[in-house]
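Please read the structure below before turning to the comments.
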Amino acid sequence: MAFPTSYFFFLMTLISGSIISISSTSWFGAWIGLELNLMSFIPLIALKMNPLFSEAALKYFLIQALGSVLFISSSFLLMSFYSFSLLSIFLALLLKLGGAPFHFWFPQVMEGLKWPQIFLLSTIQKLAPLTLISYLMNNEILIKITIFSAILSALIGSLGGLNLTLLRKIIAFSSINHLSWMLMAISISDSSWLFYFFIYSLIVLSITSMFHKLQTFSLSMLIQSDQNSTLHATIISLNFLSLSGLPPMTGFIPKWIVIQVMLNLNMFIPLFFLLVSALITLYFYLRIIITMILMFNPILNFNMKYKSLTDSPSSLFFKSSFNFFGLLLPLYFTFI
């Protein structure tokens, strides 16, 4: 699918909006950056005159507009009602992120998007709100609310993805679950959440680019795709294992860092909920992986038609090579 030049312009303004929000010295400047980010993402959603894209764009606009109104009105009241305004700003940012308990719009919007837009909504669109939330973490009440939201997001993101066959909804609930780890990292450390966000973005980029190439949106379409192959199935399986945080894949490294910090701070109860949710998400990733393994095993599938690779093996390996960086972890313990 070829994108017109205008979409690259909107992509640049979208990134610029995030940078303006992050680097702003006032809440008004941060609001301007968020609005630029919002108005740049709407044209990227509405690629064609399609009812599904239009519905997703309208839902996204209404939710983000509600968050923007709450954000700017709360920032005006900071001088008069400081604590209440900070709480309102935090809730507005949580609404824009799609974090629990304001997660209801996120899977519905994701279901109406193409894979490149899903990557943007899962990664770049979260960068500015997460950074602004990290600026609020000098307030004890907001830290406790952030931890509560992280626990709730972990449970909803894991339980919501059970028994789903639509890949876009699975990625949506997975994103809510990973958001819980980033919120928890924000509440305890300003540096670890950035590393978590970077690794998560790389993994999602690999998965969405693979699904975009195969043009699959459900588990059945993934198995029946004419472009699929055993190598594709292997790469997708490794990506999902990395996304689940299973050692020794790269996705385990940021979770390991967050777990270590939480153990040092004696945060055993929040850690318990995060680890249980990670096990549940691993379960519904394994449902996809096992189905693909069974379908592409020539012994178990007698009607298998071997398909030629549309990508060179080197290209496929490059897309997912960073998932194997976790294999270098033993070297860290060897030389320290």
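Every residue gets a Cβ built from N, Cα and C, even glycine.
According to TrEMBL, the protein carries these features:
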TRANSMEM  7-24  transmembrane segment
DOMAIN    24-80  domain 'NADH:quinone oxidoreductase/Mrp antiporter transmembrane'
TRANSMEM  59-78  transmembrane segment
DOMAIN    83-281  domain 'NADH:quinone oxidoreductase/Mrp antiporter transmembrane'
TRANSMEM  84-106  transmembrane segment
TRANSMEM  142-163  transmembrane segment
TRANSMEM  194-211  transmembrane segment
TRANSMEM  231-249  transmembrane segment
TRANSMEM  269-296  transmembrane segment
TRANSMEM  316-335  transmembrane segment
Checklist entry - Which residue counts does DSSP yield for the domain 'NADH:quinone oxidoreductase/Mrp antiporter transmembrane' (24-80) in the helix, strand and coil classes, in that order? => result 45 helix, 0 strand, 12 coil
Item to check | Contact between the transmembrane segment (142-163) and the transmembrane segment (84-106) (at least 3 Cβ pairs under 8 Å, separation 6+) | outcome: yes
Next on the checklist: Counting only residues 6 or more past its boundaries, what in the same chain has a CB within less than 8 Å of a CB in the transmembrane segment (269-296)?
Outcome noted: 147, 150-151, 154-155, 157-159, 161-164, 170, 174, 177, 180-181, 184, 219, 222-223, 228-230, 233, 236-237, 240-241, 243-246, 255, 258-259, 262-263, 304
